[in-house]
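Features of the protein shown, as given by TrEMBL:
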- 1-60: region 'Disordered' (REGION)
- 19-36: compositional bias 'Low complexity' (COMPBIAS)
- 65-158: domain 'PH' (DOMAIN)
- 175-225: domain 'Phorbol-ester/DAG-type' (DOMAIN)
- 247-298: domain 'Phorbol-ester/DAG-type' (DOMAIN)
- 328-373: domain 'DAGKc' (DOMAIN)
Amino acid sequence: MAGAGGQHPPPGATGGTAAGPSAAATPAAASAGPAEDSSDSEAEQEGPQKLIRKVSTSGQLRTKTSIKEGQLLKQTSSFQRWKKRYFKLRGRTLYYAKDSKSLIFDEVDLSDASVAEASTKNANNSFTIITPFRRLMLCAENRKEMEDWISSLKSVQTREPYEVAQFNVEHFSGMHNWYACSHARPTFCNVCRESLSGVTSHGLSCEVCKFKAHKRCAVRATNNCKWTTLASIGKDIIEDEDGVAMPHQWLEGNLPVSAKCVVCDKTCGSVLRLQDWKCLWCKTMVHTACKELYHPVCPLGQCKVSIIPPIALNSTDSDGFCRATFSFCVSPLLVFVNSKSGDNQGVKFLRRFKQLLNPAQVFDLMNGGPYLG
């Protein structure tokens, strides 16, 4: 953690995802209290709207239930330096100040916020909180601490209690697992359908389903990430005389250049717009016009033998854990990854296995791992 004193960035940190330029100080900021009791005074600006700084006193914070708190590095908007700040998560608001004993804490409203890892490899354990008014770039001491914070921030948005030993809440709520990335070919936002401008522009991508979004659009993305349980499939479930069957889970656009429609065997996809579809499970690609002609039951693709399909996770026991119906599974695989191994290369294994299998089959040993046997 070199640079923890605030003058130098942590190892591997870059400036490409810094918060926006400083806005002018507002009267609210001027009357908030003595400067030495406050946290960062820079007001970050995103687009045409200026940040109106909101603060709370330490006494006000004591009346609210604590979800998580601790020290993180925060990137400032001036010169992109890193400074230690103490953060407290209370309900849907994140508070931060210079230390835990500060009298004045800055507020960040998380009602319409998105949380994303800061890069593909993310060697410095940084993550971004994106709201309609500002972006906060934060850095944790290690990957486990970063994932604890991300899970906590996501849990307050779904109003679910946060427990580190349980499965990550996003696996069962359909929430996307964002990380910042660049694209080597024209790519389009799955929310607004517009291009992620510039080939090297940093958009957001879901590490599980490859859903793409502008940073400004991520807060409006629907919770339609890869299914994990029968309940997450919802109205798309296929019922017949033999019971339930696994449907395709389609994601629109951003298909590979060599994509071919499985129905008509013609080229599909486009580099000019968001069009045509790919199944997240069997990887089948179809034209929009051909989609209704294709068989509705998903064969699960090359990894079928190892996958626990969502329709197999259809009940929970008294402790709240899912039980699998193994008549749907041939030779189910459970994956345990140490994400810190191999100079943090384990993160890439985690993402790839979540893409190939049911995300509920993949466990990060640095983030609680499986529950005790």
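Even glycines carry a Cβ here, placed using N, Cα and C.
These numbers come from a predicted model, not from an experiment.
DSSP assignment over the domain 'DAGKc' (328-373) gives 22 helix, 6 strand, 18 coil. Across the domain 'Phorbol-ester/DAG-type' (175-225), DSSP assigns 3 helix, 12 strand, 36 coil. For the domain 'Phorbol-ester/DAG-type' (175-225), the model's pLDDT averages out at 84.
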